[in-house]
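K.L.:
Pulled these from Swiss-Prot:
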- 1-20: signal peptide (SIGNAL)
- 21-62: domain 'Chitin-binding type-1' (DOMAIN)
- 23-38: disulfide bond (DISULFID)
- 32-44: disulfide bond (DISULFID)
- 37-51: disulfide bond (DISULFID)
- 56-60: disulfide bond (DISULFID)
- 92-154: disulfide bond (DISULFID)
- 136: active site, proton donor (ACT_SITE)
- 166-174: disulfide bond (DISULFID)
- 273-305: disulfide bond (DISULFID)
């Protein structure tokens, strides 16, 4: 009898570990394998209980996409080169770094990316991703050859950072001598983002942040991770562009409606949105429209965030209320 009780206790102990949450904020930002939805409680699946909005945290498309997540049918090598026409210019510090093969390889780790919805939706997501990341890495200027929107991906890391971007954190402690300034296509910043991203993609970015600016596949993975991962109260960029995000009454009251403009709000709304006409927002739109034209897809409406209150202001008021 005692031996049976002991076996039961051992089984229960092991079961508690096997049932640990699998994804989302409960698992350090991890994504579900094979494009499965991450439920609001941190579990992976493909039914409505996992994928319904609001609640679903990432990859909320329902039925998982194909097993490879290969985007070569959505964006060709020649289109990639045309979009990022001057990335290898001698004036660009990132010349030779960002390659088509690195992008395609990295995207395979995120099966929902660029594979959700119909062909037009998939192309819009790729155009939106490169539109936003091109602004973050642009080397263009108003009179640049081929126009300012042909100079995305000119940089791979922040120039002359004024901070080491280290925020005190027990969960994501900064490594000695390391700085967490902007790196890669999305200019990933701060130790807590490096920590969560590293856990999700299987690389120790807390101790090796330079991997994001030294390894092009990891650079793209870090950018796509940011794109696919919601950070409450913000939805993921992915959920917005594929039409999975449904704004709440509070979102609508703040002017946040589905469209490319909300993605700008997610990425840098605290500095760029709700200020009327803004050159930075216009720059993001210019890249996106050019890429939509190359990929042959309509960019849709609601492209700016000029009159949107930022998600950051939502955080502020919630904190003040608490």
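Glycine residues also receive a Cβ, built from the backbone N, Cα and C atoms like all the rest.
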K.L.:
Tell me, which recorded positions from 32, 37, 44, 51, 136, 174 are within 10 Å of residue 23 (disulfide bond) if we use the C-alpha atoms?
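P.N.:
Matched recorded positions: 32, 37, 44, sequence order.
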K.L.:
On a count of neighbouring CB atoms within 10 A, which of the disulfide-bonded residues 154, 305 is highest?
P.N.:
305
K.L.:
Which residues, sitting 6 or more apart from residue 38 (disulfide bond) on the same chain, put a CB under 8 Å from its CB?
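P.N.:
Within the chain, residue 38 (disulfide bond) has Cβ neighbours under 8 Å at 22, 23, 24, 31, 32, 44, 50, 56, 57, 58, 59, 60.
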K.L.:
Where residue 174 (disulfide bond) and the residue listed as 'active site, proton donor' are concerned, what is their Cα separation in Å, rounded?
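P.N.:
That separation, Cα to Cα, works out to 24 Å.
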K.L.:
Within the domain 'Chitin-binding type-1' (21-62) only, compute the mean pLDDT.
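P.N.:
The predicted confidence over the domain 'Chitin-binding type-1' (21-62), as a mean pLDDT, is 75.
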K.L.:
In the structure shown, which of the disulfide-bonded residues 32, 44 has the fewest other Cβ atoms within 10 Å?
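P.N.:
Relative to the other disulfide-bonded residues in 32, 44, 44 has the fewest Cβ atoms within 10 Å.
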K.L.:
How many Å lie between the Cα of residue 92 (disulfide bond) and the Cα of the residue listed as 'active site, proton donor'?
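P.N.:
Counting only the Cα atoms, the answer is 14 Å.
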K.L.:
Could you give the Cα-Cα distance between residue 51 (disulfide bond) and residue 305 (disulfide bond), in whole Å?
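P.N.:
Each residue's Cα considered, residue 51 (disulfide bond) and residue 305 (disulfide bond) end up 27 Å apart.
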K.L.:
Below 8 Å Cβ to Cβ and six or more residues apart, same chain only. Which residues does that give for residue 166 (disulfide bond)?
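P.N.:
Within the chain, residue 166 (disulfide bond) has Cβ neighbours under 8 Å at 174, 178, 179, 180, 190, 191.
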K.L.:
Given a 10 Å Cβ-Cβ cut-off, pick out the one of the disulfide-bonded residues 23, 56, 60, 174, 273 that has the most other Cβ atoms nearby.
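P.N.:
Ranked by Cβ atoms within 10 Å, first place goes to 273.
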K.L.:
Tell me which of the disulfide-bonded residues 37, 51, 92 sits in the most Cβ-dense spot, judged by other Cβ atoms within 10 Å.
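P.N.:
In terms of Cβ crowding, the pick is 37.
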